[in-house]
Structure formats: C-alpha cells, structure tokens
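A.B. asks: So Swiss-Prot says this about it:
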type: REGION; residues: 1-24; note: region 'Disordered'
type: COMPBIAS; residues: 1-17; note: compositional bias 'Polar residues'
type: BINDING; residues: Cys121, His163, His167; note: Fe cation binding site
type: ACT_SITE; residues: Glu164; note: active site
Amino acid sequence: MANNFSQLARKSKTNSPIEKVSKEQTGTPSLEIYKLGDDVLRENAKRISKVDNSIRNLAKDMLQSMYAAKGIGLAAPQIGIKKELLVIDVNFEDAAAEPLILINPEITDYGTTLNSYEEGCLSIPGVYLNVVRPSTIKLRFRDEMGRPRKMKADGLLARCIQHEMDHLNGVLFVDRVTSKEDLNKELIKEGFHQKDVIPIK
C-alpha cells in the first residue's frame, strides 16, 4: 500500500479541488482494506504536514473504495497508510450531499450524554455490535484544501467520526464492546479471533 500512495502523489502537481466521486455502491474497492488481525490497524497515524494533490487524490480513492464496500466511513490506516485522514458520508443515499474529508481531526469537546448503538466496520466485515459513545462532539480539522475548520456533530455523524478517529490511534470498535460473550460469538461467526481484540480499559 505504500507504493499506492507514491503513485497517488505523482498523479498531479497542481493545487486543484478534489473531483466529485460517484456514490454508486458497485464494483470492487480500488484500495485494499485491511482486516482485523493485520498489524497496520494497530499503529498510530501521523499528522499530515502539507495538504496537496497527493492527499486529495488519496481521499478521492478512499471515497471510491468506501462507497464500493458499502461503508459510511474510512480511515487511511485501514488501507495501510499511516496518515491522519478520514472520509465520511452518512448521507450516502443522497447523491447531492457532499462527503466529509477530515485531515488531522481533533475532538475538542465531548457531550455528556452517552448512547449505545450498533456499529460495524469495513475492517471487520459482518460483525455488528453495540458500542457506547458520547452523542455529541465538537472538533477541528483541515479540509481537502488545507483550510482550518470547526464543526459540531451529533447522532450518527458524531458516532462515525469517533469510530474513524479511533483508527488513527490503532483502536477498533470491537475494543470498546463491553459484552465479551456477544463479541466472541460474532467474531467466531465471521472467522475472526478474539485474541486480536485489545479491550479499552
């Protein structure tokens, strides 16, 4: 996957906005999505020092892979690239809605209300389990043009952002599941192993 990033960096040298990506959920993801048990998912991502076309091209390919895999979020570490980059689209059924591209995201505030909701992950296909998270967050990040942004998110968007940001720190949603019995049952059913889970303490 490191070679893929080098190829992306050579695609263009101009400073242009990201091209619109079709939301059609068909075909094969253009990028390999690593699965639970792959060591790369447990490594910390690094901040992006310069937002240029290599980053925008990477985000574009991540969006294509996310849509093809029928996901609503994807983090760069999931494709083997240790960079603080997320793509998210909780409105994937709305062709006009713009996806979110978050570069170097930081959560600055968590709401006090906690909610339990079922989550899944493109790196652990077929496994769906409840996870408790704050229902609202505030964050800052840079957009695909490198501009600083701030936003408040709630509901599914807040959950998705937190889920994807966990990937930047080598954390997977199964690490946060409190019911070990349900977790083990789901993992075995889909061919995964509980030894690859690192519980959050």
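Just so it is clear, glycine is given a Cβ too, placed from its N, Cα and C backbone atoms.
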A.B. asks: Write down the Cα-Cα distance for Glu164 (active site) and Cys121 (Fe cation binding site), rounded and given in Å.
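C.D. replies: Distance between the two Cα atoms comes out at 9 Å.
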A.B. asks: Just to be sure I understand the packing, how many Cβ atoms besides its own are within 10 Å of the Cβ of His163 (Fe cation binding site)?
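C.D. replies: Cβ-Cβ neighbours of His163 (Fe cation binding site) within 10 Å number 23.
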A.B. asks: Ten-angstrom check, please: count other Cβ atoms within 10 Å of the Cβ of the residue listed as 'active site', all chains counted.
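C.D. replies: There are 26 such Cβ atoms around the residue listed as 'active site'.
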A.B. asks: Count, for each of the binding-site residues Cys121, His167, the other C-beta atoms lying within 10 angstroms of its own C-beta, and report the residue with the smallest count.
C.D. replies: His167
A.B. asks: Suppose the Fe cation site is Cys121, His163, His167. Which further residues of the same chain have a Cβ inside 8 angstroms of that site's Cβ centroid?
C.D. replies: Gly73, Ala75, Gln78, Glu119, Leu122, Ser123, Glu164, Asp166, Leu172, Phe173
A.B. asks: Under DSSP, is Cys121 (Fe cation binding site) helix, strand or coil?
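C.D. replies: Looking at the DSSP assignment, Cys121 (Fe cation binding site) belongs to neither helix nor strand, so coil.
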